[in-house]
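Encoded as structure tokens, the structure appears first; notes follow it.
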């Protein structure tokens, strides 16, 4: 490539001059190419350690003048061919012109101008593609692709200098972190180390420091442990590695690949060595941290942050911290964790103004809101720019949010308005955060009753607080405490959140304020206000729609807090149904998961349907990520954290719990339902209060406190059942003595009776103990532990999926368990490669975790073609892609252009582990429909229908049993998806109302079992065109075999014999008076000994050294006897339905002469002369003149039994098909191609001399 000219002071230090003229020098890097000796090794080592560009471009051209000592680089090249092209251009276009100049300065100026012009011309047509990466970074990306053979689609994120510990020796080199791979390369004095690890294969990633490895990063895969150290900035490197591994786990979890953020703004000053991808990932990390800290919606993007102070009127202090600005919010977080948090939605802002600066208050900024609150920030570094950014965002904010914000905010400031709320104008408007229960609607106004306020108010007797005695007084005091807090710290979204707020939450939220504060602390209020009418729209869309999720919802509705009166009534049940169905419709990835019904029923007790819906959104999508999906990954991750915390805080108990296996049993129910399913309702709801304020750390603290309180009893337990019973009784007796609601006994407590109940435990005391003993947990630490556990959990689930898939493969498939697992990993890698590099962008090709394990990974025809070429024992040279396409169509039973692992293994097994008959059956079917390509289907219809004798009633015998192990629902899914409109709805309705009983499944199972009872007599007959294709395939298969000549002789003999059998069968059927187009049946077949044996002898190819055979050519036209072999190369007079059109375009594109026929005598034809487009036709009564201008004989046909019997007469063919091939070596080679596992190469460079 041409380079912008740069000075080079020392031209010959590490370079060898190969060509020169008075103005230019072509040089090669020392050590590149052959030899190089010790100098070459040293130069190569320097290039790697110093990251020299000479690794990518070992050739260069310098401009020089005779009297000057300075050289200028004008071009470089990665190959001799590339650099020679540039050299020749310079010689042809510049040499004569340069000789005219007198001044050397003019020569140099002219050359530099010319090179700059060439570069500008080349770049003129290049479209700008987002952020341009720095030149040094582009060079590193080229090195990475060249060194590791990565495609253009693999993007480099960053690269770092480090050492890889190979044994006890550190190898200095470069670590390349790409979107999908971790790569390392080192070259030191002839020793080369190359590593490639897929992020999806990593099972452990941690930063540690030991005596052996000072500050190192450990990377574990299923096969090995890798250690990297001596980083310049190990913290940055590890953080980026964590992020990339997280992206890979997310891809395994839900197939969400990495997509660049096109909306990321360009930097004002381009960073020198930071790529656009690195900036993108850094921005993502900051956005995620920002959203998690302030509980903001998932689409909120951080614009920037700056240091400042905030004036807090409640304690008259200036609190230092950070201000964060995003599209819709201004947030503040104090440096001290509990000092103050603040969230100001821009929709609430009325005035932003710069106040007067003073020595006490430098650069102040005042922000006023609609709720009459004013916030004063100071010590802002760039106040003018900040005000401008806020103004820009305010201009984009709608001036009036739907839902009457102003009227609701009046009640936020003045709590007295809560007692007399004004009715809303429409059901789509969300309620006030200060009074979420205020919206009342007449139930008779709608066809279905809608819970427009918390169900607790509707189903609880409205007795005055005075009648409740001490409990009522305590509740009144709580309300007063919160109202005082609101007066001092503000009410609503803009509340100052301090340590005092947490203290009030721990004392319990009064029931009248619970729904409001849940909405505020969870961030659900922000989403509800910004999406007015969204829930009502979802309810309308989802009404009457049936799916698997709605069926599961209906099944669980009556299991949701059945002990509570609100859910013993149709009003509560209907509200719960609408909320769960609306969420399943909003998020089909989750749909519905068990335990969502229990949590949602509690949310409905304290809020309207819309509020409960948005609280559920906050819970499922932000606060408990990945909890409520088919594999409850999030809960399993937190279960792993719980086990780790138990080891840290309760080491005595940890080992005992592991032995009993209790943690895995208890933690899922505790975490998924937030203790609601294991504690009395009035106690568990206090934990939910703290959860919405603090997050998952409260659940973990309480779980540890429960184990700590029962340590002695647990240590004395002998089995899991005893431990579970003891813990269950303890939790049943956790009481809330301050609750004003009538006590609702826990369902399990009602069903179990005990003469010796344990002592009651106060829930507030349990919370107090949990904070005293385990409050050292921090949100950042939990996120770090979540990453570590997520790797383990997802890889464990992947291993479970692999075992499940392997178990679903029938035992008679022939492969061992290890071979099946290796094949599965290769198959999975091919699928993932399509996700990495966009080979398969169709939604059908993407992984769907909701499908059965067997159907989750599928590959398309192009991916299968690559796997087939590398794994098949039937190597056919250039014919292999055609054979692979036929095999794919044969295995693709449901015609969705994708095959799963079971179908793939079935095809492989037929080639590797079948006996002679089974292998020939596979080969035979590859030349019959459905192996014909879709393009061939129309032209092949007539012949296929005739030759298969009602092919529509016969399924592919090889693929007929492929779905035996799939559930009936999976088999039904495809036809339903293909239909559209009302038809699919009707089917869905039928499915929702009546499901098939067990007899239906038994009938289906019996039908599938019957399909396996296929004999060779059931195979359809093969016509002449198909037989010719079979012969071509066999000739190609034998081309690379050591017994090539013997196999050619044998197949020539068999082919001529079968051709004559077909001819005789056709004549015999004609004599018996059958229809002329009928094929010969098994009874019509004449005995083989009656055929002329001398004809078969004539058809055998001569020896390779026979000179007559080479000289014969096709000069013997018309001289062949009746038993001669006819070579047909095409025909132009065929009709539309002729069998010659059964070939696809790919199979006929190499035809040399489509309209000519030539008859070659048997003696003059060699096996080497048979091209791909050569077909063999022969017969006793078939004269060459009858064929000229005609078509391939459509009445000719032959059966599989005849082919099998003929091949059995040739021992060399029998030995070829019975030969055992080890698939292990082919799998190993394919793994290297796919880079399925970490591969480390340690090579010595040859020829160290001098």
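Just so you know, glycine gets a Cβ as well, placed from its N, Cα and C.
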Candidate annotated in Swiss-Prot as phosphoserine, out of 419, 953, 1144, 1241: 1241
From the candidates 435, 933, 956, the one which Swiss-Prot records as phosphoserine: 435
From 463, 741, 1138, the one Swiss-Prot labels phosphoserine: 463
Annotated residue, phosphoserine, per Swiss-Prot; candidates 420, 432, 995: 432
Number of Cβ atoms other than its own within 10 Å, given for residue 397 (phosphothreonine): 14
Secondary structure tally of the domain 'GRAM 1' (142-209) (DSSP, helix then strand then coil): 10 helix, 42 strand, 16 coil
Where residue 397 (phosphothreonine) sits in the secondary structure, as DSSP reduces it to three classes: coil
